[in-house]
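Engineer: Here's a structure for you.
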Amino acid sequence: MGESERSEAFNPPREAGMSSGDIAELEQLRREIVVLREQLEHAVGPHGSVRSVRDVHQLEARIDSLTARNSKLMDTLKEARQQLLALREEVDRLGQPPSGYGVLLAAHDDETVDVFTSGRKMRLTCSPNIEVASLRKGQTVRLNEALTVVEAGTFEAVGEVSTLREVLADGHRALVVGHADEERIVCLAEPLVAENLLDGVPGALNDDSRPRKLRPGDSLLVDPKAGYAFERVPKAEVEDLVLEEVPDVSYQDIGGLTRQIEQIRDAVELPFLHKELYREYALRPPKGVLLYGPPGCGKTLIAKAVANSLAKKMAEVRGDDAREAKSYFLNIKGPELLNKFVGETERHIRLIFQRAREKASEGTPVIVFFDEMDSIFRTRGTGVSSDVETTVVPQLLSEIDGVEGLENVIVIGASNREDMIDPAILRPGRLDVKIKIERPDAEAAQDIYSKYLTESLPVHADDLTEFDGDRAACIKAMIEKVVDRMYAEIDDNRFLEVTYANGDKEVMYFKDFNSGAMIQNVVDRAKKNAIKSVLETGQPGLRIQHLLDSIVDEFAENEDLPNTTNPDDWARISGKKGERIVYIRTLVTGKSSSASRAIDTESNLGQYL
């Protein structure tokens, strides 16, 4: 509505008959309306609605900003409050009095415990948070400033190492020996007591995954002040030298030693399998067997087969499953027994026989096998740089036939220099049976070859065709041909010419130095040649020519091996005994004569290897 329209609305025509007084009052009202309208327009303005919305938006934005700042301040205050609480806890923790530790000795029904702490034995109370029934003897416990048990820990992990002499009758104490040979009685922590009680659990000793019973010679972790032994410490010094597992080797795996196998079975198996007959005839079983002969002829292999066969025979006698047959084969690595410290070698020997007696007390046969016996039990007085054999040999003698008898234990020794072993060990009553493992002859060599050349091997088609596809006949012919080639006394097989001290000369062939190890090496070479032939020609199968070529290669590798510096010592190791050898000349085809060497002075035999 315009200004003129508004004026006309409030200005009626004069001819309406209004009085002058009414008109004056109307004008006064009109002026007041105009003043009020001006005031309103001045307060709101012509665009009042738009300005009001803009102000509202600005206010809302400011409110949002203030709200965000307020939230951030609240989060900062919360974080500061948490840090303050953590710092307060840290201050409280740092301000706590120190805690002591002790070893639990015993627990009582009145919720008190005996604890060894600070060199004193004390009876203390326990915190309500501690279950006294769950505490175990030997356990470490934490004490507060009031000497109250507030926490149960683990068992002590550090301390002195002592050797177990024996477990006392109560099963909770043991006699141990310290470093200075001081004997003391200590209590066994509950884990050790539990291990020692496994003797009554069926199959506990046969399960390697479970703890075993304590035995003399074990190393124990001991706290001498508290008087407790906490755990058994593995001993590398003896554990590495002894192999208790029975090797999976049978007499059927050994070729060419039928007579020797029968001898050792008579010496070892008969006394264990027919104890009643031995008692009836008042016959004492042999205590030991010596296997001697040149290297690589099966001494160690026979010893392994003895343990395997004996375990199975004992299982048959007892009616047990032969697959679960159990016996103990203590394989002693001779040279590793030697120790630079005086008395250590003797101590190791004592520990070995202690273990053997313990196993034998269960009624299970135990074989103690000393490989390379000449390295540790030499003739007394022959040492050059030391006289260790003067005490090591008597220690073995006292163990074999000392005051303590060896029941169900037999000692087997192996050596290629039996002349260097002390005679006191070899006398009857100690190593009663002496079996010579000789080099294989042609017949024995065929038997050995048959162990490696079996019908399961792939044979070349051309060789099979010669025998009309008969694989067994082809393998047999291969063995016969390779043995004939190896044992033929032809110029190509000549090896050495030796001159004895009396002037006699003798030509030796490779067959005189053959061994089971050499035969195995020949077969392995032939198999490798067959594989190379497959890769080159694509024709699979083993051929006779592969074996013949392997013999030539094997002989060629051995032509430089004879020791021409000390020929007599070399000959003794190789199995040639008798007249002293002073001169060796190699006769291998193509070998120059410069390889021969004369020995003008006689060497001290048995001194150098």
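Using N, Cα and C of the backbone, Cβ positions are placed for all residues, glycine too.
Pulled the feature table from Swiss-Prot, pasting it below:
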type	residues	note
BINDING	GLY296, CYS297, GLY298, LYS299, THR300, LEU301	ATP binding site
COILED	20-96	coiled coil
REGION	1-22	region 'Disordered'
Engineer: List the residues in the vicinity of the ATP site, defined as same-chain residues other than GLY296, CYS297, GLY298, LYS299, THR300, LEU301 with C-beta within 8 angstroms of the site's C-beta centre.
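Structural biologist: Along the chain, the qualifying residues are LEU291, GLY293, PRO295, ILE302, ALA414, ILE437, SER515, GLY516, ALA517.
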Engineer: Using Cβ-Cβ distances, find the residues under 8 Å from GLY298 (ATP binding site) that belong to the same chain and are at least 6 apart in sequence, listing them in sequence order.
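Structural biologist: Listed in sequence order, they are ILE254, GLY256, LEU257, GLN260, ILE437, GLY516.
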Engineer: Average pLDDT across the coiled coil (20-96)?
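Structural biologist: 70, rounded to a whole number.
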Engineer: According to DSSP, folded down to helix, strand and coil, what is GLY298 (ATP binding site)?
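Structural biologist: Looking at the DSSP assignment, GLY298 (ATP binding site) belongs to neither helix nor strand, so coil.
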Engineer: Which Cβ among the binding-site residues (CYS297, LEU301) has the fewest C-beta neighbours inside 10 Å?
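Structural biologist: LEU301, out of the binding-site residues CYS297, LEU301, has the fewest neighbouring Cβ atoms within 10 Å.
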Engineer: Which chain-mates of LYS299 (ATP binding site) that are at least 6 residues away have a CB under 8 A from its CB, listed by sequence?
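Structural biologist: The list for LYS299 (ATP binding site) reads LEU291, TYR292, GLY293, ALA414, SER415, ASN416, ILE437, given in order along the sequence.
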Engineer: Determine the Cβ neighbour count for GLY296 (ATP binding site): the number of other Cβ atoms within 10 Å of its Cβ.
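Structural biologist: There are 20 of them.
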Engineer: If I restrict to non-local contacts, at least six residues apart, and a C-beta distance under 8 angstroms, what lies near THR300 (ATP binding site) in its own chain?
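Structural biologist: Expected: PHE369, ASP371, ALA414.
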